[in-house]
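Written below as structure tokens is the structure these notes are about.
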Ligand SMILES: Cc1cc2nc3c(=O)[nH]c(=O)nc-3n(C[C@H](O)[C@H](O)[C@H](O)COP(=O)(O)OP(=O)(O)OC[C@H]3O[C@@H](n4cnc5c(N)ncnc54)[C@H](O)[C@@H]3O)c2cc1C
Ligand SMILES: Cc1cc2nc3c(=O)[nH]c(=O)nc-3n(C[C@H](O)[C@H](O)[C@H](O)COP(=O)(O)OP(=O)(O)OC[C@H]3O[C@@H](n4cnc5c(N)ncnc54)[C@H](O)[C@@H]3O)c2cc1C
């Protein structure tokens, strides 16, 4: 007969939403129980998402950079790959090291970690199945069960050459020809890795361009580069069917000027993720779920049941690890009775391709749609000393400011290292900075961060390194 | 007989102080004459400083990274160097491209550029010698003549194997053994380049540690790494003499446990820079000069002669390109009659070694010396998912906050990419941000910028990824 | 988000009061203050932690006769 455990706070899910919630609550003296059904804490992000993908992307970047050094008079032999070693690096030296670290952190903070699957049996109880079956009775609960890769039925043909992101990140081999279905960031990131390792990568996207949520002018430089690294990028194209054959996965395509059928050694399906809310017994707890499976929440991340909260991918979009972690703080503070509120002015998004794309605050297409008045100030990296000296002049830095006050509404960057650079943009937006604040903040020379400063300069007429102001008023 | 030219604003020197001053003034409708004696505009920074050094450091970084990929299962052959091609890349594709760009910018803005050496003949006139000899009569003048490498007399033995930074950046060859005299940033940066190309590099520093102006805890990780890449780093050591021999430059050393004499194929003297104010005729203009050769200036960058200004290395320390450019704006605005004032709260400093070191605002050693109360919050990169996934866990991010208000006083970072990351620190300090402002600004995952956020978290007790708060109160 | 009820249990209290002579104000605010000839050390900041905002300088702008709403 299962144990019964009492806990002031139950957290379901040990990903970047759940484990920081547990740690944060413990730091404030709350007794916390954290349940996760995975073999290792860390959720999707650490085990099969952000972290393994970025370790591999780092490898891919260096492979490309070493290759490009030929233009500088430095030539390396063609790289030799030891896939087993690369896998071991990613899984052991990176993933296990980090998930182990989270184990230590939860232990050090006195969080009770229970391994198993939790299912609600009432508004204050869950039943945990698995190695440590038990009933847990909680006063407050945070649901952080995350999301799962979407795998449309017709493509689930039961052949392991058809992979989702989880499978692809395990690097089973380097297929000669890889098809990536879906031109979102996950598909492009993983596609870049395989391309660097030697696969011929084809991307199929149903919409008229890849990365539709990013401003087109930021996607253009990436797309141009990917077109040289990938075999093909087919937009406005639909996958009509997959079939397993001896020679590979035969794929039927439909799109103008696109071959009707192609065969690939492997296929990565990356067409989105769906919230992980089914089978959780939410009805037993009285927690509402939207048609698409998201759990509706308020500004404190509270569900319709006041003592049950939801954070991370299972709650609201965007499905991003740092959003989940930031929500964790809000939910915990709400539980502690503090006046917490979810109201970020800028949630950064980063696409870790090469070049990277990053943005925060209002995007230009959002401003256009929402009739938000703005000036768009774009600084081309060709005018950056740093970009020239690392031969990466394809980048651009764009700032959206209010035409009257010059308050910074949004920042978008495409270029090497954009993902680190966007932090300044987030801070500027959160602080309510105007362009002059950024332009008078001295940026070190020679760095790419100067492009942020110079884009701010454009708000007042001209930037040092741009002859004619490039400004779009709207 | 030389021409006489009249100009509302004369700028002497076309480096990162002078050319932005000229552009900025022109953008505001001032007629500007810019005199520079160099073959190409851009000053030290573009021609023989920041830019060529960073292009070479980028090369060095990729050479090291490619080598380190072996741990990930990716091996390259040993790199082959084509020095002529590398030189051409740096000098043509980078330096000339950028200096040419400045030529275009000055032209586009209608700045009159005069090639030649300007010497004051009175408070409103200079005499220009060179290809375009002439007298220029000005209403206002900005002196931006920069600085020169210091070459102590006894070491100027007239042998071209003894180089200053200018010579070393021309990459005459890759010496088997290179001695770097001076453990400042220029010596260590250039030393790193030669080490990556295959030289055995020895560094001699008279003080008890390298990079004395940076906090020791930020230098430690770099020093540890350099000790594996360099042949030796001798601190507390004096160079007693250089002698040219057939086998190389014989160097006499004095220091505990240091060989009394060693022979090197080349020697780089990098013991500082001195302001370029001699022979300028400043006495004729009535402009004061300090004993060390700096031109004293006020908050508007005005010399003792009200219509003559000085900016950049010839004025105040620190001698940094971005400081010169920021001063340019102040001086020009002062000339335009605006209430400009030099009052930055954070001038960032970056050392572009690998790892990089960067800081802004108050350093810990400055706070100690000045009895400024602070808490030092240090986040070790071993706890950063990004650092682990790129195998660069030696870094650390440190924030100094006011103990009462948690206002951010300083930020210091050592680690890969610190130079880009510091921009956020500068903005935070300039905006008067408190730690909570940074911690509640959502930083994208997984990036190194998260370490800035987590160091801010430590101000309030604990950070998500650090078990026990590491905090030093003072 | 107003959650600045600073919980800082383990902070060693320091003797000094926050002795920073530079009032917390963004560069844009400092510039406007210079333009208006306002000494920022005498301005009350209405932002979080007493940060001086552009709006805090409104009373120093050329007096607009009709609305005397915003006197500090
Ligand atoms: C390939 C890939 C790359 C990505 N890259 C990035 C990136 O670079 N940056 C970024 O911000 N985001 C990235 N993401 C998205 C990111 O992984 C998610 O946004 C993030 O993991 C969501 O965190 P979470 O805490 O909501 O849930 P998850 O990380 O999904 O974790 C949920 C956890 O809950 C557990 N769980 C679920 N149900 C139960 C139950 N009933 N009982 C017990 N345990 C349960 C699961 O086992 C899992 O461990 C990436 C995703 C993928 C797939
Ligand atoms: C190897 C090296 C690396 C460096 N790296 C960095 C770095 O990464 N980041 C950084 O911020 N700083 C760096 N610096 C320092 C940086 O180069 C200087 O701070 C910067 O160049 C100073 O700018 P300036 O405008 O004051 O003068 P300078 O750049 O020195 O330019 C002065 C110009 O004035 C001209 N001139 C002088 N006298 C006369 C005259 N009488 N008549 C006409 N023309 C005259 C000169 O020809 C020259 O072009 C580096 C320096 C060196 C040597």
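Just so you know, glycine gets a Cβ as well, placed from its N, Cα and C.
Automated prediction, rather than curation, is the source of TrEMBL annotations.
Of the residues proposed, A:298, A:313, A:354, A:368, the one TrEMBL records at the same FAD site as A:54, A:145, A:146, A:147 is A:313. Residue A:45 (disulfide bond) sits 10 Å from residue A:146 (FAD binding site), taking the C-alpha atoms as the reference points.
A simple way to gauge crowding: the CB of residue A:313 (FAD binding site) has 31 other CB atoms within 10 angstroms, across all the protein chains here. Mean pLDDT for the domain 'Pyridine nucleotide-disulphide oxidoreductase dimerisation' (A:347-455) in the predicted structure: 97.
Within the set of binding-site residues A:54, A:145, A:146, the entry lying nearest in space to residue A:186 (NAD(+) binding site) is A:54 (CA atoms). When each of the recorded positions A:45, A:50, A:186, A:188 is scored by how many other Cβ atoms sit within 10 Å of its Cβ, A:186 comes out lowest. Geometry remark: residue A:145 (FAD binding site) versus residue A:182 (NAD(+) binding site), CA distance 24 Å.
Residues from the binding-site residues list (A:145, A:188, A:205) with a C-beta closer than 6 Å to any atom of ligand 1: A:145. For residue A:313 (FAD binding site), the nearest of the recorded positions A:50, A:182, A:184 in terms of C-alpha separation is A:50.
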